[in-house]
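Trainee: For reference, the structure I am asking about is given below.
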Amino acid sequence: MEITNVSPLPLPLPPPFTHTHPAPTLITQGAEALLYRTHFLRPAHPCALKHRPAKAYRHPTLDKRLTRHRILSEARTLVKCRREGVSVPGVLALDAEAGWMLMEWVEGRTVKEVVVAAESKGKKGEGEQERNGEGKGEAGEDDGLRVLMGKIGRAVGRMHEVGVVHGDLTTSNMMLVVRPSQQSPPPLRNDGRTDGEGSYVGGGGRLEEVEEEEGEIVLIDFGLAAQSLQDEDKAVDLYVLERAFGSTHPEAEAGFREVLRAYGESYRGAKVVLRRLEDVRLRGRKRSMLG
Amino acid sequence: MIALGLEGSANKLGVGLILHPPKGGAAHILSNVRHTFVSPPGEGFLPKDTAKHHRLWIIRLVRQAMKEAALRVEDINCICYTKGPGMGAPLQSVAVAARMLGLLWEKKLVGVNHCVGHIEMGREITGAQNPVVLYVSGGNTQVIAYASQRYRIFGEALDIAVGNCLDRFARTLRISNDPAPGYNIEQMAKQGRHLVDLPYAVKGMDCSFSGILASIDILAEKVDANQGGRKDDLTNEVITREDLCFSLQETVYAMLVEITERAMAHVGSSQVLIVGGVGSNERLQEMMGIMARNRRGSVFATDERFCIDNGIMIAHAGLLAYETGSTTAFEDSTCTQRFRTDEVFVKWRE
């Protein structure tokens with residue numbers, strides 16, 4: 001979801017969330033949807049509410065059709081990912097006509113935040129790094145990022161393996177999450193399982209200390225996702241991520257090689273996609289502009 | 001400083017004269033004349049015929065522009081022409097005319113990117129500071145934002161341009177191309193009431209129009225043949241040609257507004273500038289306005305004098321480049337059908 005610094009007009013929540021107590025808090029507004037933090041069934045169970053408000057500029061019939069289609073398609077993709085064991089937030093409830101979906105709350109930092117933090121720490125010098133007691137210095141820092149890049153590659157590979165392309169892979173759409181420890185209360189789940197496995201709800205108090213090499217990558221915001229088994233679509237997915245990396249983290253661009261390396265080893269057929277990526281890069285956006 | 005601008009990348013031939021005051025401030029438009037090659041209904045404009053039209057009219061238009069501006073040849077600092085992108089033959093005709101005038105009057109040439117011309121003119125006229133630009137015309141569909149010396153393309157049409165889609169549908173319906181097919185579709189759409197289902201093809205910040213055209217062409221065939229009169233699902237009324245124009249506009253403009261909004265959210269901008277021939281469509285401007293207002297932003301658009309291809313925008317963008325010391329050497333004064341917006345190094349902006 002794209003984050004904007006333009007303060008939008010407050011938009012009304014769809015029912016029944018108008019009566020939720022405490023009221024949902026707005027986390028971010030993208031172009032399409034608003035993301036709120038609220039709770040599911042009981043106040044102790046945090047969850048994310050994605051609301052696609054009606055677009056006044058669109059013809060109401062077209063607007064209804066698009067909103068319905070997008071909510072359903074995103075939910076189906078998430079459910080499929082979840083069934084196949086890809087780390088994504090689970091779907092809790094939705095109303096396609098009203099344009100909202102409730103998902104599990106993913107507690108953690110975005111990969112973007114983690115990388116930016118790591119970069120600024122790297123700039124400050126090697127001396128202050130608490131984790132590198134052995135005096136590995138900058139190399140240690142790079143190791144942390146490299147482990148993280150490997151995780152990203154494997155997470156994307158896992159998603160592609162099951163036939164899902166994300167459509168908007170950026171470092172803002174990946175969370176680095178530490179699984180809740182055994183002591184934390186088992187979160188409520190919609191599929192009957194009660195153990196912490198596969199759930200990202202309520203992490204506990206050590207989130208700020210999550211380092212690059214710890215935790216697990218959870219992919220979020222499947223608003224533009226599609227189900228596809230074609231190498232071309234997967235290669236384009238990687239290309240989008242590559243370009244997002246280049247523009248968001250120019251200094252970590254070298255790290256992207258590690259993403260691709262890990263991706264290449266993550267599933268059968270990944271190597272073919274990587275070869276296809278070379279073609280996509282060459283084509284890039286250099287198509288003729290003649291219509 | 002004064003520049004002469006020559007534009008002829010498609011079926012409009014435009015000549016403009018612009019003055020940039022020495023101490024900065026708003027540009028003065030000294031003259032802005034245009035002649036359009038209009039093809040018969042059901043036909044598009046062919047490169048060969050369009051080039052012939054441009055060759056026939058260029059001298060007359062330059063004379064007229066000079067006369068309107070009451071300028072002498074000595075007053076002109078440089079001659080700007082469209083280097084690309086556009087149709088090959090018409091571009092060549094105009095480039096030859098620019099070279100001829102350059103040699104005859106001993107003036108420097110400046111080759112201008114057509115898209116950058118549109119953007120700079122739009123900024124100058126509307127005063128938009130750093131907007132997200134939607135550039136929509138018969139040959140181009142791009143969502144553009146400025147960053148570090150380049151106009152970067154965030155999204156674009158993956159196949160045909162939105163204007164091309166409208167133009168070709170006008171051919172299908174055999175609507176007049178005078179003054180422009182898109183204008184006539186807009187007038188018919190005002191009578192339309194029923195929305196028919198068309199494909200909606202947005203991929204991130206990119207979009208696609210060829211499938212929509214194919215789909216609505218099939219519907220048009222049925223309407224024309226009156227095959228049992230296809231009916232609206234809700235009202236059971238017969239779908240008309242006007243309904244098709246209405247549906248096409250509603251669908252493609254919703255796509256354009258959507259990708260523009262996504263780009264605005266992405267770069268954190270609240271201003272939109274619409275340029276290009278399709279930008280003169282009032283329904284598109286209205287929809288964009290609603291979107292921008294909901295983001296507490298504003299939309300900037302120009303009227304047909306500056307939206308539709310014209311010489312003044314080429315003069316303006318060319319003069320901006322000329323003022324930073326860049327000119328096009330005579331032997332480099334070529335033109336090209338392919339010339340992407342982000343290839344231009346924008347020296348004149350912060």
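Here the Cβ of each residue, glycine as well, is placed from N, Cα and C on the backbone.
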Trainee: Look at the substrate binding annotation in TrEMBL, where B:TYR135, B:VAL136, B:SER137, B:GLY138, B:GLY139, B:GLY182, B:GLU186, B:ASN281 are given, and name the residue from B:ASP167, B:ASP206 listed for that site too.
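Mentor: Answer per TrEMBL: B:ASP167.
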Trainee: Which of B:ASP309, B:ASP332, B:ASP342 does TrEMBL put in the same divalent metal cation site as B:HIS114, B:HIS118, B:TYR135?
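Mentor: Record check against TrEMBL: divalent metal cation site with B:HIS114, B:HIS118, B:TYR135, extra candidate from B:ASP309, B:ASP332, B:ASP342 is B:ASP309.
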Trainee: If I take the alpha carbons of B:ASP309 (divalent metal cation binding site) and B:GLY182 (substrate binding site), what is the distance between them in whole Å?
Mentor: 14
Trainee: Consider the binding-site residues B:HIS114, B:HIS118, B:TYR135 and say which one has the Cα lying nearest the Cα of B:ASN281 (substrate binding site).
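Mentor: Closest recorded candidate to B:ASN281 (substrate binding site) by Cα: B:TYR135.
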Trainee: If the divalent metal cation site is taken as the center of the Cβ atoms of B:HIS114, B:HIS118, B:TYR135, B:ASP309, which further residues of that chain fall within 8 Å of it by their Cβ?
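Mentor: Checked against the 8 Å cutoff, the neighbours are B:SER9, B:CYS115, B:GLY117, B:ILE119, B:SER137, B:ASN140, B:VAL275, B:GLY276, B:MET313.
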Trainee: In terms of DSSP three-state secondary structure, what is the assignment for B:HIS114 (divalent metal cation binding site)?
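Mentor: The residue in question, B:HIS114 (divalent metal cation binding site), is helix (DSSP, three-state).
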Trainee: Name the residue among the binding-site residues B:HIS114, B:HIS118 whose Cβ has the smallest number of other Cβ atoms within 10 Å.
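Mentor: Comparing Cβ neighbours within 10 Å for the binding-site residues B:HIS114, B:HIS118, B:HIS114 has the fewest.
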Trainee: Which state, by DSSP, holds B:ASN281 (substrate binding site): helix, strand or coil?
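Mentor: Looking at the DSSP assignment, B:ASN281 (substrate binding site) belongs to neither helix nor strand, so coil.
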Trainee: Which of the binding-site residues B:SER137, B:GLY139, B:GLY182, B:ASP309 have a Cβ less than 8 Å from any Cβ in chain A?
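Mentor: Listed binding-site residues passing the 8 Å Cβ cut to A: B:GLY139.
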